């Protein structure tokens, strides 16, 4: 039985082409299409529910820099810092007052963060530890007045001495008081300078202060931010254009900010950091608007990574070098004067928060080496202080992330305020925070079995088809080669039979040398019948036929 070589060749070739086109072109497009239809912020969708009410808390860590030599620093000495932490909190995020705009394909919402102290994870710390930090009201207030309203320095100095009697440049207080419960601000004095100073509390300019009665306030770094509005966003839902999913369109009902000198720095780039569009390319980066910095930040691809056995991409970010990067000059106080730009690895938050604060990576990681040298007690390293995100591009899922940021006081001596007149000029770290998330198996399995299982099946199928098709192509090539290099055995047998038939009809030839033959051969008569005779009964004829057959 012969194998149909042509059919085998055509079938194997078709299988090979199908495996290539389906496995690398058609299936990925089908998968991306299915994901794009599922991953939207359309009301009623699973993604919308997870996005609006995160069903699990994020981990929020606070590390505080305790100043161990406050009196010496007040006289100009180099600060010695002791890192205390982490104080661990469960951070719950939810969005409320949602309003959809079907025509614009957007949804507006108010973001709310709630911090709940986790005593078990914080051990051995309890939150009642006493910390020494720069006075959070007196130092920023005095420095701001000196820079912006020097003519009011005498009035402010007198008011501070009344509101904070016997105050020093550094304040010793419990951690929970400094960050959540609040330190007391007494505005009960009727003295003009004190009343003038307290005006900023009554008008709400000091956002970290909470009024408890007509004459007293409580100031804390994060107390007012706990379980309260952190801004109103308007973002794209991604129904009409999935590539715009989560893109910030407005913040505080404004299409752009009015904070920085240049319009480019005031634009919103990226999402609200709680959702990302699927199908991103690794070189696109992960951009998000951060209200705490009044700025959009972009994480860039670093290397491949994995999470619970699933492949992902590792992204990282830093604050860059504003002075060296022309695109970032709009974050300088004066874009035309580079001397007003902050040092490498830092960002001036004065325009954003209204005080002499600087943002940086923890321990000034990736910052100007001078920043680290100006104080004792810092040890910047990638493992503990870098920002990272392990991200799955096709589904737009962040598997794990750690967003880290340090807040520093841009400190300088203040001549008009006695406790501050000898302070050194430097950027003093106060505390840094980490907002982290690690998806558990409940949520990673959703990605694993809806995305990676399909990809695995497709991979097995396409490579199996390619293997079978290559085997078929090689076997058909072998058959074609065998056909051209050898003769078919049946054809050989048929040719031999034809030769035998032809040979049986031919007469023997006379010997070329009569001397070598002792037999006399009779003369062959023509094969015709003589009239009146029958060769079957003619003895002579019969004798001749028998004689010929013997030869």
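Every residue gets a Cβ built from N, Cα and C, even glycine.
Looking at the stretches 8-28, 29-49, the one that Swiss-Prot records under the feature transmembrane segment is 8-28. Spatially close to residue 66 (N-linked glycosylation site) yet at least six residues away along the chain are 81, 82, 83, 84, 131, 132, 133, judged by Cβ distances under 8 angstroms.
In space, 352 is the closest of the recorded positions 330, 352, 440 to residue 226 (N-linked glycosylation site), judged by Cα positions. The subset of recorded positions (213, 294, 341, 352, 440) lying with their Cα within 10 Å of the Cα of residue 330 (disulfide bond) consists of 341, given in sequence order. Taking all protein chains in view, 20 other C-beta atoms sit within 10 angstroms of the C-beta of residue 352 (disulfide bond). Mean pLDDT for the topological domain 'Extracellular' (29-459) in the predicted structure: 92. Here nothing among the recorded positions 213, 332, 341, 440 falls inside 10 Å of the CA of residue 294 (disulfide bond).
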